[in-house]
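Trainee: Just lifted these from TrEMBL, have a look:
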| type | residues | note |
| --- | --- | --- |
| COMPBIAS | 526-536 | compositional bias 'Basic and acidic residues' |
| COMPBIAS | 539-550 | compositional bias 'Low complexity' |
| REGION | 514-566 | region 'Disordered' |
| TRANSMEM | 21-42 | transmembrane segment |
| TRANSMEM | 107-130 | transmembrane segment |
| TRANSMEM | 142-163 | transmembrane segment |
| TRANSMEM | 188-210 | transmembrane segment |
| TRANSMEM | 231-255 | transmembrane segment |
| TRANSMEM | 296-319 | transmembrane segment |
Amino acid sequence: MDYAISMCQKSRIWLYRDLTAHPFLQYLAWVALPMCLILFQLDLNICHCVPLISKVIGLTCTLGSGMPLGKEGPFVHISSILATILSKLVTSFKGIHENESRANEMLAAACAVGVACSFAAPIGGVLFSIEVTSVYFAVRNYWRGFFAACCGAMVWRLLGVWFKNEETLTAIFRTNFHIDFPFDPQELIVFAGIGAVCGLGGAFFVWFHRQIVHFNRKHKRMNAFLQQNRFIYPAVITLIISTMTFPLGLGQFMAAELTTHESMNELFSNVTWSNRHLEVDEAIIVSHWTTKYTNIFVNLVVFIIITFLTTTLAATLPVPSGLFIPVFKMGAAFGRLVGECMASWFPDGITLGGSVNRIIPGGYAVVGAAALSGSVTHTISTSVIVFELTGQMSHILPVILAVLIANGISQALQPSIYDSIIQIKKLPYLPPIVSTSSEAHNVYVADIMVRDVVSVWRGCSYKDLRSILKLKKRLQFFPLVESLESMILLGSIQRIELLRLLELQLGRERRLQEAAKRTQLSESPKTPRTEKKPSRFEVVPVVSSTRPSPKCSPPPSPVATPKSPKKSFLRYSPVNSPYNTITSLDARLKQAFENVFKKALTDPFEKVLVPTLSLTTTYSLSQFESSVPSTPVTKRSQQPRILVDMSPEELLAWEEDQLNALVDFGKCHVDPAPFQLVERTTLIKVHSLFSMLGLNYAYVTAIGRLVGVVALKELRKAIENISSGLFITNTNHFGHGEKSEPRLKHNPSARTIMVLLCNNWPSINLCNC
């Protein structure tokens, strides 16, 4: 993938540089390749290709087009798909795949592998995956994630050595800062300021991205038009981004001719760009970030602004992508800008204790990259990822300080980019409870639970079961109680198990068996079977000559209804007429025909219309042998089978009898110990249990009696109402799992954002960011 992405990016730059004499053709070449790649990737999604193949090809096209996007999200999705396939194929992993909790552990390890292979950072990848995907992490899975991430990162780096002619295993963005005095204590104040600004910038980035999505969804007519014409919006956005980064336009002020890898290496370089005395290779680097109209400071500001706008626009495209790398690049540019300003203000360095140490702008770029990416994702592990990407830990203290400050500010203002996308796509999630909220300690599960619980009971009929399944189509689990009067909870049954019970009772197989049994009973007194069932294979002596043998009599043929002869070359006759003028080959063929016909006619469960094919033709022997295939010939002589089924009246009566029967729950799997709560459980405890155990619902019981159920939906609404100060006791109980609106206090000026949830997690890219 990296090789294909690099070739696409280099081809684009090569086409642009090869058409120097034609600016318009340069623009077409700069725009055409991204447009073709993005539209081709969209065509893959519309055609519903295999997810793994579509994701790999789509990510290659997306990054090869030069769009300001990353790859960590699709890599996590790819690794999760491979983990699922491995769990299904390897027999020793079948138990892991069948157990939901074990499957989640496999997916956690796969997430770590995906992040590690994106940055070649196994340690940071494991920590990043834990921070992003888990609220509570099982320590027993720690070594699994590290082992898988190390293996994945090592193989990726080894492939780079073998196929890219690299000398050895090195960091992706290798730096060479001097480690004797990398920074002075006074610079920590500047590093803290970088963290504060990056925290504000990260929160603004998340807010701006969400506003763009809401703007697109707000205009319903435009949204409906774009859904009918799916290629228009991606084409327009790709055209806008390509135009903004065109090297003869705004692109000349942001080093648009450089790839992402090249620009990151130059931002992290240990070169002071504002220095007047530069060597040849250093001057080449500075030439990419200056023009005859502007200097490095203006170009870095333009680079940050254009990258900010294009990244938020590109993130709305329906393509596999990530946001970590472009945000990482923006942070590096901001840190480089601050470092160059410090180098210009203090050209001789900062004096401390009689010693003067020069400013290292590349170190500021490292700090800015970690701080901004940490504020957008709300993670601390970005500092570890930065150390593994650069290969140096000389700025470990400034990096951690800036990341902590940026995270604190960003978390106070906006959710992380991943939580924001979850809210935008209306996926199930559980918001945190504010620790200082005392109201949450006074709210009990009885105040938020649903009391009108739909349940199945022991002794219910199949008709009741079918009515319940039709009434609650979105429920995936049903409680099993002793009776509707006692409501003693016995267990929980999945919807698929109940559907399987109905299929066993009313399915096609059972209906055909009943119909065949009725037919057999009705026909048995009329046509008693006195003859022995003929064998399919009989030993027939081979005739050595064309004359018939008097000792060899033809086998009995099945009785058929006499029919009038037809004027045709091949006609149907009531009985087989054996001819003794044919060779032994014809005798064996005729014998095979007759044995197959006898077998079909004696089948008591099916009625087969198989007329006997007579060989009384005007064909010669050679013509007949050429018309009969050497493969099994019964396919040409047999007619389609007609299965015995019931009439409509019989079918209705039979279904009515079957529906009145009582359900035998012993034929299905029943969870005898579903998770239960008591009515006086506080909201704090419920939130902790749902977060720690990954629950979607829990039954509320009182001395074994089922009194209600609380799901993720009710819990989320209660927390949001408490946070906004609009919570009241739930008296109007709405159905579990059904769409409903929460009751709020009467306050016309109060406005809250309610995120609607889907019961089933849709199969989309969770990290499409």
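Each position is counted from 1, following the chain as shown.
Glycine too: its Cβ is placed from the backbone N, Cα and C atoms.
Unlike curated records, TrEMBL annotations are generated automatically.
Keep in mind the model is a prediction, meaning the values are calculated, not measured.
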Trainee: Could you check if the transmembrane segment (21-42) is in contact with the transmembrane segment (142-163), meaning 3+ Cβ pairs under 8 Å among residue pairs at least 6 apart in sequence?
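Mentor: No, the transmembrane segment (21-42) does not contact the transmembrane segment (142-163).
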Trainee: Using a threshold of three or more Cβ pairs below 8 Å, and leaving out pairs closer than 6 in sequence, do the transmembrane segment (107-130) and the transmembrane segment (188-210) count as in contact?
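Mentor: Answer no: the transmembrane segment (188-210) and the transmembrane segment (107-130) share fewer than 3 Cβ pairs below 8 Å.
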Trainee: What stretch in 107-130, 142-163, 296-319 has the biggest tally of Cβ pairs under 8 Å against the transmembrane segment (231-255)?
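Mentor: Looking at each of 107-130, 142-163, 296-319 in turn, the most contacts to the transmembrane segment (231-255) are made by 296-319.
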